[in-house]
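Undergrad: This structure is in structure tokens; I'll ask about it shortly.
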Amino acid sequence: MLSVGGGRSAVCRAVIATSIVWLLIDVVILFYYLDPSTSQQQPFPEDNRILNRARRIEPLPPAAQHDSDPDAHPIQPEKQEKQVYPVDKETANQLRKLMETQAFGPGYHGQGGTGVTVPEDKKTIKEKRFLENQFNVVASEMISVNRTLPDYRSDACRTSGNNLKTAGMPKTSIIIVFHNEAWTTLLRTLHSVINRSPRHLLEEIILVDDKSDRDYLVKPLDSYIKMFPIPIHLVHLENRSGLIRARLTGSEMAKGKILLFLDAHVEVTDGWLEPLVSRVAEDRKRVVAPIIDVISDDTFEYVTASETTWGGFNWHLNFRWYAVPKRELNRRGSDRSMPIQTPTIAGGLFAIDKQFFYDIGSYDEGMQVWGGENLEISFRVWMCGGSLEIHPCSRVGHVFRKQTPYTFPGGTAKVIHHNAARTAEVWMDEYKAFFYKMVPAARNVEAGDVSERKKLRETLQCKSFKWYLENIYPEAPLPADFRSLGAIVNRFTEKCVDTNGKKDGQAPGIQACHGAGGNQAWSLTGKGEIRSDDLCLSSGHVYQIGSELKLERCSVSKINVKHVFVFDDQAGTLLHKKTGKCVTGADQRVTLDECGLGRKDQMWQLEGYQSP
């Protein structure tokens with residue numbers, strides 16, 4: 001006969017075992033519907049304890065079933081329900097709590113990429129939890145991890161996709177780095193990749209956990225990913241390493257011939273993978289990025305981005321989106337499915353041949369945490385024999401945050417300046433002066449030893465940065481040909497022309513010279529523009545004697561005649577070519593006035609000026 005204590009113990013063990021079994025059944029049922037060999041329309045059983053609110057689950061049909069190549073067959077995964085994965089009590093409870101609030105089916109908010117509005121009674125918790133990841137976690141939890149999205153591709157891209165033969169293409173390892181990512185955004189990333197990717201093109205997904213401190217990203221995630229129908233590897237880094245080193249960890253593990261880096265809060269769309277893989281397979285020195293659409297950080301609405309934008313950068317070495325210039329549009333012609341050759345990529349999402357990635361030096365391991373690595377690899381690829389493309393037929397939505405939720409050792413600015421300085425020192429030659437003039441604080445940041453990276457550049461016989469500006473990015477805010485760089489100083493008052501932090505359409509001013517660059521950093525280009533980053537001094541739309549000069553966005557292709565000046569170094573005058581008037585510094589204003597011989601308010605010195 002069992003004792004009372006022993007009986008209770010046996011009952012407890014039975015209850016725990018039953019709970020774990022039910023959890024495994026629940027998860028198995030979920031992933032049964034991710035198996036392409038199963039029906040896509042069957043309802044979940046009525047007694048499904050976790051998903052009983054979603055009476056009918058209709059996961060997105062895997063892209064493998066609609067492969068454009070009739071001879072290509074998806075890899076059939078083993079029947080997941082035949083496998084048993086041990087789950088301890090604590091992990092089982094964590095998974096149950098996570099999945100009770102998790103939406104799987106199509107009957108939830110946000111379908112078709114629409115946004116969601118958080119109910120009034122949840123506004124307080126929404127605002128509190130927004131700080132967790134700097135996006136609306138509550139809204140994300142209201143949206144199915146299998147949410148539907150329209151086919152956003154152009155007709156030309158659909159036609160191109162239907163004609164694309166993917167049989168025999170190399171397999172891809174998808175690498176996703178995360179740190180304290182929200183559960184639902186990470187899962188939505190995984191589900192969308194698996195639902196919308198041909199299985200025969202996927203070698204594996206590699207998740208690199210950069211020292212997260214949230215419990216659900218350890219054992220619960222380990223257990224969850226084992227049920228997916230493709231190999232998913234999860235590595236937990238022992239120390240916070242940053243995006244760059246974490247990606248290197250993932251790339252070293254990768255078995256695929258192509259590496260495809262993704263962020264942890266994205267949603268891929270129909271036909272996203274095939275164009276990227278095909279372009280890299282065609283030329284192993286191509287690096288190809290998708291169009292990056294916007295997922296609202298508040299409502300999670302999916303908003304498509306323009307097909308005619310490309311990546312650039314400014315004097316701060318910040319990545320920027322700009323309109324594709326006419327010369328590139330002309331090269332592409334009327335074919336909307338043709339990739340855009342871009343000077344830089346955003347860096348979060350791109351595909352690259354694995355061997356080429358290592359041949360050209362992978363990532364600069366001297367960089368810290370995150371920031372600037374995208375410009376460094378962009379310059380390196382172009383200057384060392386490769387090319388960069390944005391493919392309009394591949395679209396991936398990305399949750400863009402207004403600020404990072406993460407902390408940086410020594411502060412964000414220090415890390416960003418450190419990384420940018422390494423890029424400037426290794427790749428930008430004499431043009432690094434533009435960065436240091438615009439960001440004087442970077443002069444005080446230690447860039448570290450860059451000798452190995454310079455040796456790499458020499459070994460690869462990479463081209464000069466001037467070549468890059470002249471041949472790849474002639475529209476860059478950094479002029480390939482310039483006459484001066486620095487302050488514009490009145491020779492008698494010793495005061496400087498200053499942007500005063502003004503923007504397009506506003507007027508600069510005159511301030512005491514501080515010698516630190518920044519707002520007082522100007523360049524007289526070989527074409528006669530007076531630039532401060534991507535803003536040019538201009539006579540403005542309406543000119544009259546004594547009117548103030550304006551700041552205007554510099555022209556991308558053809559020089560605007562309103563922006564052209566002629567400097568006489570001997571007389572010190574800056575003549576506005578169109579009006580024939582001289583730049584005049586009166587009080588705190590910068591104006592155009594009648595030129596007068598010996599007028600002290602019209603005598604200027606341009607720092608670093610070199611005559612043509």
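Here the Cβ of each residue, glycine as well, is placed from N, Cα and C on the backbone.
These numbers come from a predicted model, not from an experiment.
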Undergrad: According to Swiss-Prot, one residue in Asn195, Asn239 is annotated as N-linked glycosylation site; name it.
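TA: Of Asn195, Asn239, Swiss-Prot lists Asn239 as: N-linked glycosylation site.
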Undergrad: Cys157, Cys595: which one closes the disulfide with Cys393 in Swiss-Prot?
TA: Cys157
Undergrad: According to Swiss-Prot, Asp263, His265 bind Mn(2+); which of His391, His398, His417, His418 is also listed for that site?
TA: His398
Undergrad: In Swiss-Prot, Cys595 is disulphide-linked to which residue out of Cys554, Cys582?
TA: Cys582
Undergrad: Looking at Swiss-Prot, which of Cys496, Cys536 bridges to Cys513 via a disulfide?
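TA: That would be Cys496, the partner Swiss-Prot lists for Cys513.
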Undergrad: Expressed to the nearest Å, what is the distance separating Cys384 (disulfide bond) and Cys595 (disulfide bond) at their Cα atoms?
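TA: Rounded to a whole number, the Cα-Cα distance is 49 Å.
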Undergrad: Which of the disulfide-bonded residues Cys496, Cys554, Cys595 has its Cα closest in space to the Cα of Asn146 (N-linked glycosylation site)?
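TA: Closest by Cα distance to Asn146 (N-linked glycosylation site) among the disulfide-bonded residues Cys496, Cys554, Cys595: Cys554.
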Undergrad: Can you grab the distance from Cys554 (disulfide bond) over to Asn239 (N-linked glycosylation site)? Cα atoms, rounded to a whole Å.
TA: 45
Undergrad: Given a 10 Å Cβ-Cβ cut-off, pick out the one of the glycosylation sites Asn146, Asn239 that has the most other Cβ atoms nearby.
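TA: By the 10 Å Cβ neighbour count, Asn146 comes out on top.
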Undergrad: Closest to Cys157 (disulfide bond): which of the recorded positions Asn239, Cys496, Cys536, Cys582, Cys595, going by Cα position?
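TA: In terms of Cα distance, Cys157 (disulfide bond) lies closest to Cys536.
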Undergrad: Select the closest residue to Cys513 (disulfide bond) from the following disulfide-bonded residues, measuring between CA atoms: Cys393, Cys462, Cys582.
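TA: It is Cys582, whose Cα lies nearest.
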Undergrad: Tell me whether Cys157 (disulfide bond) sits in a helix, a strand or coil according to DSSP.
TA: helix
